[in-house]
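Each remark here refers to the structure printed beneath this line.
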Amino acid sequence: MSADPPITPELVAAHGLKPDEYQRILTLIGREPSFTELGIFSAMWNEHCSYKSSRIHLRKLPTKAPWVIQGPGENAGVIDIGDGEACIFKMESHNHPSYIEPHQGAATGVGGILRDVFTMGARPVASLDLLRFGAPEHPLMRHLIAGVASGIGSYGNSFGVPTVGGSTKFDRRYNGNILVNAMAVGIARQDEIFYAKATGVGNPIVYLGSKTGRDGIHGATMASAAFEADAQEKRPTVQVGDPFAEKLLLEACLELMKTGAVIAIQDMGAAGLTSSAVEMGAKGNLGIELDLDAVPCREPGMSAYEMLLSESQERMLMVLAPEKAAEAEAVFRKWGLDFAIIGKTTDDLRFVIKHEGEIKADLPIKELGDEAPVYDRPSVLTPRPATIAADTIVPPISHGEALLRLIGSPDLASKLWITEQYDSLILGNTIQGPGGDAALIRLGDGPKGLALTADVTQRYCEADPYEGGKQAVTMAWRNLTAVGALPLAVTDNLNFGNPENPKIMGQFIGCLEGIGEACRALDFPIVSGNVSLYNASEGQDIPPTPAIGGVGLLEDASRGATLSIKRPGDAILLLGETQGWLGASLYLRDICGREDGAPPVVDLALEKRIGNFLRGLIANRALTAVHTLTDGGLAVGLAKMALAGGIGARIDIPGHCPAHAYLFGEDQARYLVTAAPEKAEAIRIEAEQLGIACQLIGRTGGPTLELGQEASVAIEDLRRAFEEWLPNHMTGIVIE
């Protein structure tokens, strides 16, 4: 057995600990830590696990509502969806691993978030993903796109959960640090939810699932640092996933949970056995004693340090009722999984690690989490840019050419090349999968349905973090509303650059202020989430990307709305005000070659009023199609409705703002809807009585999109532009 290395300043720095943090450790334990103890502190005090740069700001977010059963602090958030059922969901990042090893990084990102959900007793029913890649022409990007797509697809498909939605966009600032955020959703009975809080002294602590290897050691620490030029040397820190083992683990856990044997349960995710054991003990005000000789290992000669920090996948830690241990073992053996009693709960609030007859660590368990450094980092708030007057922008090309270019651009073009690798229909409950405003799934055999979405407009967040944060929430709220769902709750994934840069910290604070204000105004609490900082590569920070995942409920899923034009002759109505806002728009960036201007202002009261009105129309089956307007504005939104239905449309262009601003401006709180002609006037009158702008702007029908007198574009030309960009870009890629 090799001797532990001496503790030197270089070793401390290699563990991601700053000199003042190491001094804090010395003060806390009154001595020099052992090598194993240094590894434990490194794991528990890194950014990924401790939230040391973000914790003071996260406290400001709204997390409570009458329908919230469990907010942030557990494996996932839990909300009441009626009839004794709960929806359990969360989003997390696997950004750094997916850049280093895209297939395995993305696959284990899916596996990790699924475990967070079924750890709490829920059966996963859906997953989503938010992907951000660099410039498409970057030499690594095809490899990264192909690897991430195959990783998500292979894990989700093999495990047996449908991947039903998400968002994929591109920006050169992600060249060296792509984003892979995975969201999972599960359903459980409200009286059968399990938590990570250990109770009872002397209860056995049980290791369950796959064996421990050397993969993923210091994965959480790697995720808490910016990339430098040696990123590929970190491939050993990327975990390797086995979706079939995870499926067995799911079934074994759910079966065991019905026996009354489980007191507490925690999946082994970031920081592995260390984090799961410390969290269970600290939450229950108990100590934890582990004997690592009992840990099932797949590699010989593993040290205590390696076993504690391994992030091997498909593993769980449980506190069991002692009298149920034999029954629990039988369940796991039946499913072909490892089961080992590796420790016990104690009453001394110590985290004690034994290995090969020696005590390798003896630390105060509460302080490992509670005494982690908390930073109020310096920040510089982003000043709001100047508003761009639409009439100062001269269209460089015709409106028809602009529409074709936008609909075939990387951000707006079809992502079918990616999503066709996902099974969106497995389990048989998917009503609407990728491509709609929100995914829609049926809940069991009853009438209810869940609507799910995940997205963010990082352009807005960079231009004005406060307004961008508000818009990220309202976009999720609108996406859910557009399918007829009542928005209930949010999970977030806050992806930002280096928090030690005051500009980046200012972006973080600004976005959180906007997110918090919007969630409060819309009764849309945040119940779970993740913070991913240090998303930077060789000094280049990513744009602020606070991903918002939303969940909504339909009491009758058969009344849900979709965006496709259903028939010719329907009236087209525009709900909401159109001023022609071009600042920070895709038209300005992709057509005019400019990245400036203030993003659109979000009116939260108006958002709520229009959304509530629209849901009523959908519930009463007054509409035949609904689509929320975001990137690319009205023209792009109408084009997507036409493409989905295979039917064209003609609209009029009023003269109150320039035509290009009317067609491509990105004003918020707007929906494009279709209705039977005889219903249109009644809808317009009802809207105006509520103070909601509603204009009849056209009719559906024909093989073209007729944009007033400005442009006529064939649906087939739009389809070609929309569908061909990504397959053409990816031609010839072979995944090794």
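Using the three backbone atoms N, Cα and C, a Cβ is placed for every residue, glycine included.
Record check, Swiss-Prot: substrate site residues include Ser93, His94, Asn95, His96, Arg115, Gln239, Glu311, Ser312, Gln313, and the candidate from Ser528, Ser532, Ser537 also listed there is Ser532. Between the CA atoms of Glu311 (substrate binding site) and Asp267 (Mg(2+) 2 binding site) there is a gap of 11 Å. Cα distances from Ser93 (substrate binding site) to the binding-site residues Tyr51, Asp267, Gly529 are smallest for Gly529. Within the set of binding-site residues Glu92, Asp267, Gln313, Asn530, the entry lying nearest in space to Tyr51 (ATP binding site) is Asn530 (CA atoms). If you take the Cα of Lys90 (ATP binding site) and the Cα of Asp116 (Mg(2+) 2 binding site), they are about 8 angstrom apart, rounded to a whole number.
Taking CA atoms as the reference points, His94 (active site, proton acceptor) and His48 (active site) are 11 Å apart. The Cβ centroid of Tyr51, Lys90, Asp492, Gly529 marks the ATP site; residues of that chain outside this set whose Cβ lies within 8 Å of it are Leu58, Pro72, Met91, Glu92, Thr491, Asn493, Leu494, Ile526, Ser528, Asn530, Val531, given in sequence order.
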